[in-house]
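Notes to accompany the following structure.
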Amino acid sequence: MIKKEIIILCGPTASGKSYLGHELAKAYGCEIINIDSMQVYREIPIITASPIQIYNTGIHYHLYNFLSITEDFSVIKYLKLASEKIREITARGKIPILIGGTGLYINLLVFGYNNIPDISQDVRVQVRNLHNEIGNIELWNKLEKLDPIAATKINHCDTQRLIRAYEVLMHTGKSIFSFHTAQKERILSDFNFKIIFLNPERKFLYKTCDERLDKIFKDKAIDEIALIKKQFTPKEYANLKAVGIKEIIAYLDGNLTLNDALNVAQMRTRQYAKRQVTWFTHQIQDKTILEYSTQEEFEQILRNLLFTLKS
């Protein structure tokens, strides 16, 4: 059986993924699927530079801005939704293009995931309340008594992994590492993935990061976050990790000037982009790397891709 093809455009923030994907989709009738963990939320299209906020030319976009920040969501739920969209698109004879920079989503979608059941909202709330009450060290001590294998592999300072391990234990009665050693589930094993990694030269990347944040701050991002502060509690928007949100909140609370908020957000965006480049370089092995150091070189890459796909 000939496997159908999926294109993944990945790379650091502000590297031109959305523009490149939009132009490819426009030329060949492809449909675009989001693979960015923050662009799923409907309340923050500006601060996350959602492409459906930028482009409005009839291209079919999927899994963008469809979820409220108050709704429970997980990587497993994302994988199920994305795989459904991929099969729907290919059944129509179209090629899906997945665009984003969330490495975890890409890695699990392509290479498979450990089939840990979805953690119930009740368990999530209970564990987080417990953590808020007793802190990392006491939670780690509890984990050590119930799951010594996990405790030996998780540092008590690693809050995210610690909470995750305790959630899995409470929900399933099993160690999280029992799932890690099981065979991975590949929900799209009948597809071929063509992974294209955009890797701009560092100086050029930092320039585009700064320019993006400057534009976002001028493009009503302040109003967007102010509305979130008005409509939701701090607990409800605490999990929004998109760079710029924390800085704008600090500005709205009077703790930073607008210029300082922008400068801090730009610095954090550059740091985030650097981490993304490092992750994609080392974690995704089978990929096509596109390197460029000017906008002109980037435009030439687009022309080359259009020609390659046409042939």
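Count begins at 1; order follows the chain as displayed.
Cβ from N, Cα, C; glycine included.
According to Swiss-Prot:
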{"type": "BINDING", "residues": "G11, P12, T13, A14, S15, G16, K17, S18", "note": "ATP binding site"}
{"type": "BINDING", "residues": "T13, A14, S15, G16, K17, S18", "note": "substrate binding site"}
{"type": "REGION", "residues": "36-39", "note": "region 'Interaction with substrate tRNA'"}
{"type": "SITE", "residues": "T102", "note": "site 'Interaction with substrate tRNA'"}
{"type": "SITE", "residues": "R124", "note": "site 'Interaction with substrate tRNA'"}
{"type": "REGION", "residues": "160-164", "note": "region 'Interaction with substrate tRNA'"}
Residues satisfying Cβ distance under 8 Å from P12 (ATP binding site), sequence separation of at least 6: G101, L198, N199, P200, L205, Y272, A273, K274, Q276, V277, F280
Non-local residues, at least 6 beyond the ends, that sit with Cβ under 8 Å of the region 'Interaction with substrate tRNA' (36-39): 45, 48, 50, 64-65, 75, 78, 99-102, 104-105, 240-242
Residue among the recorded positions T13, S15, S18, T102 whose Cβ has the most other Cβ atoms within 10 Å: S15
Integer Cα-Cα distance in angstrom, T102 (site 'Interaction with substrate tRNA') to A14 (ATP binding site): 13
Neighbour count (Cβ, 10 Å) for G16 (ATP binding site): 22
ATP site, defined by G11, P12, T13, A14, S15, G16, K17, S18: further same-chain residues with Cβ within 8 Å of the Cβ centre: G101, L198, P200, T208
Within the region 'Interaction with substrate tRNA' (36-39), residues counted as helix, strand or coil by DSSP: 0 helix, 0 strand, 4 coil
Spatial separation of R124 (site 'Interaction with substrate tRNA') from K17 (ATP binding site) - C-alpha basis, Å: 34
Cβ neighbour count (within 10 Å, all chains shown) around R124 (site 'Interaction with substrate tRNA'): 17
R124 (site 'Interaction with substrate tRNA') and T13 (ATP binding site), distance between Cα atoms, whole Å: 30
Sequence-distant neighbours of A14 (ATP binding site) in its chain (C-beta under 8 A, six or more apart): L205, T208, C209, E211, R212, T269, A273
Length of the line joining the Cα atoms of G16 (ATP binding site) and R124 (site 'Interaction with substrate tRNA'), in Å: 36
Other CB atoms, at most 10 A from the CB of G11 (ATP binding site): 25
Summary of DSSP states over the region 'Interaction with substrate tRNA' (160-164), given as helix, strand and coil counts: 5 helix, 0 strand, 0 coil
